[in-house]
Amino acid sequence: MQYDFIIVGAGSAGCVMAESLSRGGHHTVLLVEAGKSDASLFVHMPRGVGRVMSDPDNLWVYQPHKADAAPDETERWVRGRMLGGSSSINGMVYNRGQKEDWDALEEAGCHGWGWSSMLPWFRSIEGQQWGEGAEHGTDGPLHISRVDHPGGFQRAVIDAGVAMGLNAVEDLNQPHGDGVIGVVPQTIRRGRRWSAAQAFLKRAQGRANLTVLTGATVERIIFDGDQAVGIEIRGATPSRIRARREVILCAGALESPRLLQMSGIGPADILKDAGVAIVHESPNVGRNIIEHRCLTMRWRTTPAWSTNNHYRGMRLAMSAARWAITNGGPLAAPYADVAAFVRVAPQAVRPDAIIFAMPYSIERNSMPIATEQNPGLSINGYGLRPESRGYLAITGPRPDDPLTIEPNFMATPKDRAVAVGLVHFIRRMVATNPLAAGIGEETFPGSGFADDDSILEAWHRFGHTGYHLVGSCRMGSDKDSVVDENLRVRGVTGLRVMDCSIFPTMISGNTNGPVIAASARAAALVSRSWSNEDGLDVGGLDN
């Protein structure tokens, strides 16, 4: 079997790449996904995410290293293992990052990735459902909505933020200034999750030149000398599939570097210890990993502000019936209605942290995930641009060999200062009217974690991943980068990477929107690189 392009991974990046490269019928494209379809109703139900995240069949599950962890304080990282990837299990927040994030890429030598180049690509993907303007697209495939009429809790959060000096804004994706608060843009369409599979891959259904293969785990990339010529799939017949032009890894910031290392591209010592023959020594594959460290805080509140009871017992059954009939009600609600970009470090010149306010509270370590019995609410947050860097490494040549992950969270004074400052900021907000009027006891982490040292202890013990890992296949113009600015893997030919792993620095906020826009640009780069050979006129928004 042969295809022009083989795309590994049907997550956000893979869905965009497959739709774009198969458009027009000029190329044959194979999209390979280890997971299954996204047909489950719980995937499409916005608040069904708790059920989806409790089912290991839907997930890649990882256990990163956590120093000095107690038995009940081990950490679990997950990624979506189905069509749509993590866009089928995420919090549905649509964020572009800050202009300065993208300009930093350009300044670092990643030509074409600055804000002026990326803005048209954001506009091309966006189907924003409110407002008009030059800054946003309104007819793109990615449906972006928001809560039109915030409830009492949401209004109280916004008003408390304004009382603290934040600017209430209509659009959280506009320049952030000194700090802003507002209703969260969401990838929800008519009460249903609008994942990358729904927004992009579904548009390509029925194209004769696109094949989507699910339930297929790629064991390695096949090389002829230094040229990638195909992939090997575990347990399949045939097990080897040839790429006439390119193999494109879109497997995510954990699986793409793993697959490179399993295929012989990575640090020599790691490959040797894992028993993998070296194709090309690339010392930074799996290095430079950056992740958001989150902390979720909980409070008791008035029943009027908490939706906990909508997700328990008979009320849950009623909510499910309502959603099934109307696509409305509590189960159509987003992960969080209100967010704020804030400055917590005195020296910060732009917002350095984000908070999300949620009118519900989750039982700690519950599985399946469940809301608390008593009325509660949650506010969580994280530092936007961590300085700390970690690494990941394979331990053997097979996909089911454990992956070593060392996040190295909060390893710098700045990261620790932002973490402490963020908790103090959230507590001041909760103590500010009108929010304070409906807030009771802080139930987690609680009043016992009050001074700076104990707050850091809470981050260490109770913090969790933001599911926004980047950096493990770093893009750059320097020879030590894993991929160049055209996403070609250095040292070999016929192989590219396009997913969150390419970002050399963290995007300020949730990463789904940025990786979708970046993938739209990446698909144009790939098409353009083959246009002369094909005699095609490939349009584009930049060069």
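Cβ atoms are placed via backbone N, Cα and C, with glycine included.
Just so you know, TrEMBL annotations never went through curation; they're auto-generated.
Computed from a predicted structure; not experimentally measured.
Beyond the ends of the domain 'Glucose-methanol-choline oxidoreductase N-terminal' (80-103), by six or more residues, the same chain brings 9-12, 14-15, 33-38, 43, 46, 49, 52-53, 57-60, 113-115, 117-118, 122, 142, 144, 172-173, 175-176, 184-188, 193-198, 201, 212, 214, 252, 334-336, 339, 350-351, 356, 384-385, 467, 505-514, 517 to within a C-beta distance below 8 angstroms of the stretch. Annotation source TrEMBL lists domain 'Glucose-methanol-choline oxidoreductase N-terminal' at 80-103 (among others).
The FAD binding site annotation in TrEMBL covers Asn90, Gly91, Met92, Val93, Val218. Gly91 (FAD binding site) falls within neither a helix nor a strand when secondary structure is assigned with DSSP, and so counts as coil. If you take the C-beta of Gly91 (FAD binding site) and look for same-chain residues 6 or more apart in sequence within under 8 angstroms, you find Val49, Pro334, Tyr335, Ala336, Asn510.
Cβ atoms under 8 Å from those of the domain 'Glucose-methanol-choline oxidoreductase N-terminal' (252-266) belong to residues 8-9, 11, 60, 62, 77, 79, 85-86, 218-221, 223, 274, 276-283, 285-286, 289, 392-394, 397-399, 403, 405, 469-473, 482, 489, 491-492, 497, 499-501 of the same chain, restricted to positions at least 6 beyond its ends. What TrEMBL records for 252-266 (among others) is domain 'Glucose-methanol-choline oxidoreductase N-terminal'.
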Cβ neighbour count (within 10 Å, all chains shown) around Val93 (FAD binding site): 21
Recorded FAD site residues Asn90, Gly91, Met92, Val93, Val218, farthest C-alpha pair in Å: 30
For Val218 (FAD binding site): intrachain residues, at least 6 apart, with Cβ closer than 8 Å: Val8, Val32, Ala34, Ile231, Glu232, Ile233, Arg234, Ala251, Leu259, Pro399
For Val218 (FAD binding site), the three-state class that DSSP assigns: strand
Averaged pLDDT, computed only over the residues in the domain 'Glucose-methanol-choline oxidoreductase N-terminal' (252-266): 99
